[in-house]
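Database features, via TrEMBL:
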type	residues	note
DOMAIN	22-61	domain 'Lipopolysaccharide assembly protein A'
TRANSMEM	7-25	transmembrane segment
TRANSMEM	31-58	transmembrane segment
Amino acid sequence: MNKAKSILSIILVTVSVIFLLQNMVTVKIEFLIWSLTVPRALLVVILIGIGFIIGLLFSNYSNHHKLPNPPADNS
């Protein structure tokens with residue numbers, strides 16, 4: 001199992017490096033009065049991270065606020 005994890009890690013790192021190298025072009029982000037220029041790869045990584053955090057927050061919220069099951073209708 002340890003060898004499989006190592007191989008998977010190497011593949012993941014290789015794909016990540018290829019992604020970063022192919023997306024180094026800068027993009028301009030404008031929001032209201034702010035303007036920012038960042039590499040496209042960084043923007044994608046930041047947005048994925050934000051989505052991951054939002055998903056965790058909603059998951060925790062839904063796990064803690066479950067509605068009780070309605071009683072079964074035995075008629």
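Including glycine, each Cβ sits where the backbone N, Cα and C put it.
Taking H, G and I as helix, E and B as strand and the rest as coil, DSSP gives the domain 'Lipopolysaccharide assembly protein A' (22-61) the counts 23 helix, 12 strand, 5 coil. Here the domain 'Lipopolysaccharide assembly protein A' (22-61) returns a mean pLDDT of 88 for the predicted model.
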